[in-house]
Each structure stands twice: as structure tokens, then as C-alpha cells.
Amino acid sequence: MEKDFQDIQQLDSEENDHQLIGDEEQGSHVQNLRTENPRWGGQPPSRPFPQRLCSKFRLSLLALAFNILLLVVICVVSSQSMQLQKEFWTLKETLSNFSTTTLMEFKALDSHGGSRNDNLTSWETILEKKQKDIKADHSTLLFHLKHFPLDLRTLTCQLAFFLSNGTECCPVNWVEFGGSCYWFSRDGLTWAEADQYCQMENAHLLVINSREEQEFVVKHRGAFHIWIGLTDKDGSWKWVDGTEYRSNFKNWAFTQPDNWQGHEEGGSEDCAEILSDGLWNDNFCQQVNRWACERKRDITY
């Protein structure tokens, strides 16, 4: 029996060897067919399972790493965005507070400026009033100072009048001619200022009625231009004391009066003056000239 069992095993071994040899021959034949025929369309043998499992694991790891990296990037961007948004709102709030503070400061400054302007206007009003008062006091003082010599001359004239038994007299520094007293200035004024000065002396600007009086005036006034009491401000020439102009003595220079308006001062020539050669000329009334005052000798004060 043992021999029979050994024979059976030998038989199986031979069959297996024969089958393996056949398989090898068949595989060799198939390999030869693949080599000889490039169009062989057979599927390649599949890889072992462990190798396939390892490839899938690597892909999963790569996908997981990519997802983690993407999540980190999203978190960083989100954090920066929140920080920027926070800084933006902080800056906006700061700007709003600055605008509010600046507006309040401007309003306060405007309010203080208005108060200061009011105070400044009030002070200007007070100063203007003070200036007017000072000018008024100055005019009064000037009036008294100018009249003090006049009062002194009046007393002197009255004393001379009584001492001369009623003889008429002229004040000190006045020159007598033909029953009138004349005073010649040593400085200059405009025509209106000179006329006012003579009135303060109880006199008037010089009025010339004759050739003799003209020569007397030219002799005493020197080589200066002097104002006389003749004007056409109203459109026609008139003497300040009311003396008739048309029928009275005249000594105009050639082509005068011409009312020339080409000078720089502007306006017309409405006031008469005696030139250095003794002839009369119409001139701009704001011109500064010397002048002469005249009054009757028989006036006593």
C-alpha cells in the first residue's frame, strides 16, 4: 500500500511538471507573439495590490497637504483683511473726530473773531470820537492863539487912538495905504485857507481898486505869487468884499483868465493870484501861495 501511494504521488508530480512546462511554452508563445506583432492588443498584467495601495496613499497625502496649505492661506488672508478693516474703521473714526474738533475750533475762532471785531469796532468808534474832540479843542486853541495877538494889537491900536486924540491907526506889522491896512504873509496856504485866515483877522483877502494900490502891493509883496480876493467859483468873477468887478480896475496877464485845465491837479482855475511880474492870473485854488489881507483903517476894536 505504501508503494501504491508513492506511485500516485509520482504520477501527480509528473502531471504537474507537464502542466507547468505547457504553461511556460504557452507564455513563451504569447511573448513571442507580442514581440513579433506590434498590434498585439492584450492588457498588461495588473500591479500587485500593495503597490497600488501605496500610490493612492501618496495622492491622499498630497491632497491633504494642499488642502491644509489652502486653509492656511485663507486664514492668513482673512486675518489680514480683518486687520485692514479694523485699521480702516479706526482711521475713519479718527478722521471724523478730527473733523468735528476742527469744526468746533473754527466756530470758536469765528465767535472770538466776531467778538474781537466788535471790540475793535467799538474802540475805533471811541478813537474817532476822541480824535474829533481833539480836533475841536485844537481848533478852539488855535483860534484863541491867533486872536491873542489880534487882541493885543487892538489894545495897542486903541491906546494909540486915544493918545492921538482920535487919529486912526493900523495894528502892529500892518502897513497903511490909502485909508486901509495891509498885512503880507511869510508862508503859503491854499486860496480858501488864506481867505479864512484873513477873516479871523477881521479882514479879507486883498482887493485892488486902482493902479496906485496895485503898485503899492507889488512893492511890498516881493517876488512871490500872492492870492488876492478874486474868484469865479460861482461861474463869474467876484471880489470877496462885494466890490463891482466889471467896472473896477483889472490887471490880467495876456490871454488870462483862461481857466486852463491841463494841470495835474485836475479841475478848473477859479482863483486869482498876482504873478511875480505884477500881472494877474487865474490858478488852481488848491495851489499853495503867499497871500495878503486888507481891512479899513478906521476899524477899531
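From the backbone N, Cα and C atoms, a Cβ is placed for every residue, glycine too.
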Do you know which of Ser13, Ser28, Ser96, Ser247 is annotated phosphoserine by Swiss-Prot?
Ser13
If you check Swiss-Prot, which of Cys170, Cys181, Cys198 bonds to Cys293 via a disulphide?
Cys198
May I ask you to name which of Cys54, Cys181, Cys285 Swiss-Prot has annotated as S-palmitoyl cysteine?
Cys54
Restricting to the topological domain 'Cytoplasmic' (1-58), report the mean pLDDT as a whole number.
51
